[in-house]
Amino acid sequence: MFKTKTKQIKENKVYSRPAVGSAILLMGFIILIASIGLAISVGAAKINFLTVWNSILNYDPSREADRIIISLRLPRELGAAIVGAAFAVSGAIMQGMTKNPLADPGLLGLNAGASLALACVFAFNTGADYFTVMILSFLGAGIGAGMVFGLGSMSRGGLSPIRITLAGAAVSALLSSLGEGIALYFKLSQDLAFWTAGGVSGTNWAQLKLIVPVVLVGIVIAVIFSRQLTILSFGEEVAKGLGQRTILTKAVLMTVVLILAGAAVSLVGAIAFVGLMVPHIVRFLVGTDYRWIIPCSAIFGSVLMVLADTFARTVNAPYETPVGAVVAMIGVPFFLYLARKGGRKRS
Amino acid sequence: MMSLRQIKRIRATTIAAIVLLVAVFILSVATGFASLTPGELFRTVIGQGTPRENLILFEFRLPRIFVAVLAGMGLAVSGAILQSLTKNPLSDPGILGINAGAGLMVVVYIMFFTVETSSFLYILPLFALAGGMATAAVIYLMSYIKGEGVEPTRLVLVGVGLAAALYGATLTLSTRLEMEDYSFMANWMAGRIWGDDWIFVLSLLPWILLLTPITLLKSNVLNTLNLHENVSIGVGVNVGRERIILIMIAVALASASVAVSGGIGFVGLMAPHIARSLVGPRHQAFLPIAALIGAILLLAADSIGRVILDPSGIPAGIIVTIIGAPYFMYLLAKK
Amino acid sequence: MGRLSFLKLIENDFYFQIWGDLSMKKRTKQLLLSFMTMLLAFALAACGNKSEEGTSTENKESKSETRIYKGEKGDVKVPAKPKRVAMMAATYAGNLLDLGITPIAVNEYPKANKFYGNKLDKAEVVTADSYEKLLELNPDLIITYSDDKNIKKYEEIAPTATLTYDKYDYKEQHIEIGKIVGKEKEAKAWVKEWDKKAADASKKVKDAIGEDKTFMVMEAYGKDMYVYGKNWGRGTEVIYQALGLKAPKKLEEDVFGPGWKAISTEVIPTYAGDYIFVGSGAGNPDNSFMQSDVWKELPAVKNGNAIKFDSESFYFNDPISLEKELDFIVKELTTK
């Protein structure tokens, strides 16, 4: 039994680079801390490194620098880190499960559901505060994903990746059109655009208290199931042959994707490119074993988002550039390079 | 083997689609906010109308209706070509960055050029056309590798990547627009039929009239390209050349359509799927039906937006999706 | 043999199965023929209509008295006393109301302005592309911005006068609209009266709060902040022009030129004045910046000098809105 297992895994050429992986994890963590530090000290209002330490260690609300650091920048950068990790990990899971290199959480109808919910909130209940808005967009994301799964599993064939993808495209199109329609009808589309483009600005401690535990739990579950995901990425038949209960595994993994992406979308809106891009880059570096891909994606996603957000705040200060745009700009050259390289390897 | 039943089915479906299109067309002509009774309508059609009736029919309604019909056809055929070439059921003109490129150019135009009414109306579609085509060209060049040509999977990857970047840029720029400019932009992106003048009909017509029949003539090539590449080569198809020609046709059709119609995406995705589910995957059979369905969908959507939902002014692109997506889902769930 | 099912198609990963022989030339030709015939029919219909169109319009208005308005793009023949005016420009509806003309059609923005009360209840909402509805309303004059895409269509419905928004300040714009509708005298009278009223108010405010207090007008959109210059609606005309109140130096330098500026929450303190007018409402649930210590510690906020206004109404700078804005601002500044 064990022999056939290893043989089958070998046939599917799982290659991993544990050394590179550990190095990335360690370096990544250091870089993450450093970049958060850097991110806090630069910005529209200039503050030096020492002041940053000083104000984190003993906060004095009467100093303007301290107020900016503690009530604006620190929550913002933590938010960026957590959101980046959540998007990247959920993207990695999606790509592993569907074996589709273009899969990202947006395909599950999460973004569309969230934006529809947002449009409804803006249109029908202008009194809602930030917190309510967040909860409702999380619910919207859940409804979107629920529709995709419901539709995908309605038939006898069950949840095949291609069917999920198609269902996702249809549901996303429907929900985002409804959202757009509502937004245009009520003249809200610019408010909505500002909201989704605004990224992590405006993140505060109350939101973080809600989001951080959720995301951390999601990532831990993802890491626990990463071995199963590697097996699943060989294909469903293989996974079944290896004795995996594929339905259970897929259900758990999909739930994790929903939690992670839902939480992230509710905080910053749809920044889908992180989820699409980071797993590709990580796979290129550490190989195809998801035990390495998932944690490395988390770190890599965090660093990317923190740096992107810092860039977004500083490149044209005091005016904020939408962070989603920055992520896309940074990511695209790399992505194009990968696409060309990958294409060459395959043929 | 093509069974008799299938031939009958194809014929019946084609006729049904044509009848449906004509019916939607007539309904759309006959309805609108300004009242025009069937009698008045008939009088106007045969050239006996009052100035007011002529104005309503020939200046207000017909141009917009024709633009919707033609753009629907163009997008549907373009989508069908792309889906077959890339062997990807989710391909649509958007995948070649046409919507994204056109959208970016529209924002750039609104932001950086003085808006002179007389030229604005006609220059904007030119900008959109240039944006769409340039983006498609860049995507094509970026996915071209010497000795290998353009491999479809890579084309899709590069397309999605570049489209994401362009949307990012569009978003960045458009949040800086004044409220009314933004509202215009949002409507354009959501697919409000922009060109509602005869000049737009005339500028779109040659593209459709020329390229749709060419595509139809290439049905067999499309059929073979859809199989594995080796099969195509075996059958004697020059894969590389045919692919380039077909992609160029798809880009031209979609860019021309998007330029006058605004950013409408779902028609190109859905119409081919629906057509295929009705008559099967042979291009000879489903391409004309896809074109008809595209026209029906877009015309119906625009008419609903124009007639029923006035004065809300919901763009056709949104209504098309709201009508089309559930049907698409039904097809998915049925089997 | 049944038809190839949709799903089969998908599960084969789009490697479609091809049924039967590949050359079905006859059928293709037939289909092609019918298809082209249809397109041809469309083309013919289009061309046919084109040739007729020339004869269609023109003799719209001729009976009632007309007068020439020297507009930006040449002379426009307008009715001497227009009765049914359609106002397709968002910001000018109030100017018409002040001149005693209730527009028969407006677009959707002025309807949200609470300052107009029920004065616009009878005006129909006509969005940009519903020119058919406009035709049904039978206007005798249409006024719109000079960058409106549908001017050509409007001109076929009724005489159309156009204005370029940023060519006039708020007083000039009122007089210009007065000229269009034949009430230039009334418009000039309002400007005179307004100047007097503003001077009184200015004195009253300066007596109450002192000469050299500074003011900032801002709004939050989604997660972004906006600061406005001296001519960008939202009460800026009243504060900086009519009342002659000052802006903080930095704000004057950075914002008065471009008219408005998007800023980060972090630099609110840099631009903040002794008084802050902050827009609220308009489908805008985000005021999380008001919970941050950066906001709470601003001198203006601490002293209770942060004043909220209704964004949807303050957006405008026509006489009716301006007078209400003036009353609101004077009241806020003097009753403390």
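Keep in mind that glycine also has a Cβ here, set from the backbone N, Cα and C atoms.
Nobody curates TrEMBL annotations by hand; they come from automatic prediction.
Taken from TrEMBL, the feature transmembrane segment covers A:20-45, A:106-124, A:130-152, A:164-186, A:206-226, A:247-278, A:290-307, A:319-339.
Residues 16-18, 21, 24-25, 28-29, 31-32, 35-36, 39, 77, 80-89, 91-93, 96, 200, 219, 222-223, 226-227, 229-230, 233, 271, 274, 278-279, 281-283, 323, 327, 330-331 of the same chain, all 6+ positions outside the transmembrane segment (A:290-307), place their C-beta atoms under 8 angstroms from a C-beta of that stretch. Spatially, the transmembrane segment (A:206-226) is not adjacent to the transmembrane segment (A:164-186); fewer than three Cβ-Cβ distances between them are under 8 Å for residues at least 6 apart in sequence. Long-range Cβ contacts of the transmembrane segment (A:130-152) within its own chain (Cβ-Cβ under 8 Å, at least 6 residues beyond either end) map to 108-118, 120-121, 159-160, 163-164, 167-168, 170-172, 175, 202, 204, 206-207, 210, 254, 257-258, 261-263, 265-267. Below 8 angstroms of C-beta separation, residues 94, 132-133, 136-145, 147-148, 164-165, 168-169, 171-176, 178-180, 182-183, 185-186, 188, 191-192, 195-196, 254, 257-258, 261-262, 265-266, 269-270, 272, 275 of the same chain, each at least six residues beyond the ends of the transmembrane segment (A:106-124), sit close to that stretch.
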